[in-house]
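Residues or ranges marked as transmembrane segment in TrEMBL: B:26-56, B:77-96, B:102-120, B:140-168, B:199-217, B:238-261, B:273-294.
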Amino acid sequence: MSDYALEARGLTKTFGGFHAVKDVNLKVRRGSIHALIGPNGAGKTTCFNLLTKTLTPTAGQVLLDGQDITKLRSAQVAKLGLVRSFQISATFPHLTCLENVRVALQSNNGTAFQFWRSLKAVEPLNQRARELLAQVGLAGREETPATELSYGKKRALEIATTLALDPKVMLLDEPTAGMGHEDVEPITDLIRKVSAGRTILIVEHNLSVVSSLCERITVLQHGEVLTEGTYAEVSTDPEVITAYMGGVDD
Amino acid sequence: MTRILLLAALAVVALAAPFFVYPILLMTILCFMVFASSFNLLLGYAGLLCFGHAMFFGTGAYIGGWLMKEGGFSIELAFAATTLAMAALGWVVGLISARRGGIQFAMITLAISQFVYFLLLRAPFTHGEDGLQRIPRSDLFGVIDVSSNLSLYYLILAISVAAIWFFYRIVHSPFGEVLRAIRDNEGRVESLGFVPERFKIVALTLSAGLAGLAGAMKASVYQIATLHDLSFHVSGTIIFMALLGGLGTMAGPMVGAALIVMLNDHLAQFGEWALIIQGTVFLVVILFFRRGLVGELQAFIRRRSAKA
């Protein structure tokens, strides 16, 4: 088994001649929390979408546990244990919290196409769904429609839904984006808690979150890898400082 | 408990109604309730706006009518065969359209329905503009006579209740749960390892089957099947019924269907004015009752109970 849970080789995406992502090589070590950072427009989200198969790369390869997943659809990738979250919180607003998580649990349950059975058929999943909700601090909110949750709680629900698939690799797209200060810390703690036994790649703007969570950091600029290292290394790199502070823009 | 009482009251009303109201009107209401529910399954629970839903209803009327008139089928077999045939058509339409969402899906279904319209206009067995006339109400199981309005009413009532129960079962099934999730956020469902198209195709298959059944029932009630049942006008009417009653509620589109059928029946005496009155009602609903009648009622009850 490869040391790296997720690997990108020469990943490139062009939109009509514009290189959004260019020859990105990325290795995410198994069991680590790895961050992808960079100034606005650096191609973080495009890169992220390529890794999760939401976009198809123009060139290059994506490997999950050493297996080439470049040609697979995002649903197939999810079955292999690579699950993403979204920048805009992705819950099912008109479903209750319990239903939100239960839908994800149905993914591996073989009941999803049973239109002739009552919901009793999925009641055995409720126990696990309640555990997952409790894990993210949503105990007692099982019957609340997702739309009525606060922004921070929606993100927590989204993480519970993702955890329902018991993914080997979780990709989190700006988990604290748009969050008030009081919500950032609980979510950071939650990510640390659920990272046990998993590999996490996270795209994040908030550098204090990155510094407290991530062992390795890859910095993107203009769609290319600028540098990679620990937070201490990266944050003192003159090129990174220039990229963030503006400086002389090639 | 209130629910059981409500259902019991409804059952009494439904059983006694034909002695007070013209049975043909009641049966029309039932047919459109089933048709509206099939539409609701798509738009209200899967987020799919089918702009040509009349193709399943109208084609169902032709097939059901032809099987009873020329095929010598007993009534229940004609209904069952029509349901299966329309489910098959729905499956084919799903294969073509389900990869698309939103307005593209609406336009593709509209295009296919126009295609089916002209196909049936040209097909010899439909008798073109004349339609299929004098369709017999063939015996139930080949032995029980249902040719009178009253006996047919009870048969149509029983089948409609079964169809609506089936609709309820689909919505409240493991499949229905995933379907509602797709309606809310398709991309997310896909990222959880599902292939949303497959669910949409199944939903379209089931919905088309129910719509076809409604069409076959209507053919047995009016003993005629015409191109009108396939027309865009009927596709539009069903959208109106669903919006009037309230999308995404179980009962809403059925209430909408009943109201519109009764309104049309009542307004028939006003001739052209009927359309103007209908348009006004539509405007009022869009402006003031966005959730539809049943949707607004539910919201009102929720607010009341939240206060209490």
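The backbone N, Cα and C atoms fix where each Cβ goes, glycine too.
Outside the transmembrane segment (B:140-168), and at least 6 residues removed from its termini, the chain residues within Cβ reach (under 8 Å) are 14-15, 18, 23-24, 26-27, 30-31, 33-34, 37-38, 40-41, 74-76, 79, 210, 213-214, 217, 220-221, 250, 254. Sequence-distant contacts of the transmembrane segment (B:26-56), counting only residues of its own chain at least 6 positions beyond either end whose CB sits under 8 Å from a CB of the stretch, comprise 17-18, 86, 89-90, 93, 101-103, 105-107, 109-114, 116-117, 149, 152-153, 156-157, 160, 163-164, 167, 170-171, 176, 179-180, 182-184, 186, 199-200, 203-204, 206-215, 217-218, 221, 229-235, 238-239, 241-242, 245, 247-250, 252-254, 256-258, 260-262, 265.
Sequence-distant neighbours of the transmembrane segment (B:102-120) (same chain, 6+ residues past either end, Cβ-Cβ under 8 Å): 48-55, 58-59, 62, 89, 93, 96, 126, 227, 230-232, 235.
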